[in-house]
């Protein structure tokens, strides 16, 4: 342990450096060339060439003198909300999580370089990479590399070709239960580890891989987690050969979530506290040991998560939906979606952004209470147990980011009680979905806004599903067994016990079919 004391602390921001190199307009082409790496002429496949090696050979052969130098840097989040407040900035290659004043950091891209190309250029570039196996553009995240982590070498990227997740037309659910004909569910849980966290973790672990190659003092990556973050972190670190450390609140996550970091070889600490307690401990630990912090306090994660918003626009052929509803716990994701949409608008890919809704569990609802107060008085809450365990957070790190996103998108915050979210999940499942409780929170928010007339019957609406339902089978079993205390479980569909003879089977089948004929 003493050896670590000689290494610099990663928790305290170093003095700002201004080594950020912006692309001079004289360096940029005057017309939009063919998109770099859009349709690379790959060498013929040989047994010793894998896709990473092919990309390396292609990049070495590509003339880049006319390509703009896209770049990004860390800046205090306060300078995003008030550009005149600070000129503080840091290289993405520095290990820093907060500004000198203690505020969150944000990744700021060199928009002047990006704006040299028009919206049509970026639309065509991103669309040309969909469905390819070209490294690393087969990933829904890295297909937008220029907007995510532009300076990383392709060879340093750790990717499972995450993203490109299904945008599901919820035809029957919308028609039968909401009177809607244009309701969609973005299944971010159909991903490598079963949650949207993969989108951010590929970026963070790739940057850690780069830092370690630069001999930066990083011996491992750590996170506090309610389940999904630990799964994504452990999987990507395992792929990279980087040690991962996970702080979990004891007895507060599903077994399916617990087993993932264990299976991926993470060093797992089960701690007798809640998520907020784990978060405090991991921050203290990363201040003393050369362990890179992977929670959404780290703004690199949000760069990957914002690509889900860009994907939604792609999947609608660059038409903007009216509403996007996102479950919210630590609140980084609502800001990530806003950032993705707003970048598309600023760079001319679309002409507006959707209205955002952040949906919280009533048992962990500090943002909802803040919204209901008219943004006048934010108070953390002591989060109570909720079936939506991944958003059981009472003191969200990204509160300022979320408020900024909602204010700038004319957004709304709604909440879901436990019985509401479980009924909504069961109702969605009955129409062919298999959702997580967090999606149940978002669907409850949709139900309330639809009933109040805020969301209209023809409004194109996207509900973001953040995790796969298979991670939460225990709660589904309890619901359909009517085994949840003080909950009616009115949509339960338990199996019918029947003896193994023809007459008994026919009796129950006739009774069932008769009930369906009315």
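For all residues, glycine too, the Cβ spot is worked out from N, Cα and C.
Any TrEMBL annotation is an automated prediction that lacks curation.
Taking TrEMBL as the reference, the stretch among 25-48, 49-72 described by the feature region 'Disordered' is residues 25-48. Across the residues of the domain 'Tryptophan synthase beta chain-like PALP' (159-466), the predicted structure has a mean pLDDT of 95.
Sequence-distant contacts (6 or more apart, same chain, Cβ under 8 Å) of residue 197 (N6-(pyridoxal phosphate)lysine) comprise 228, 229, 231, 232, 233.
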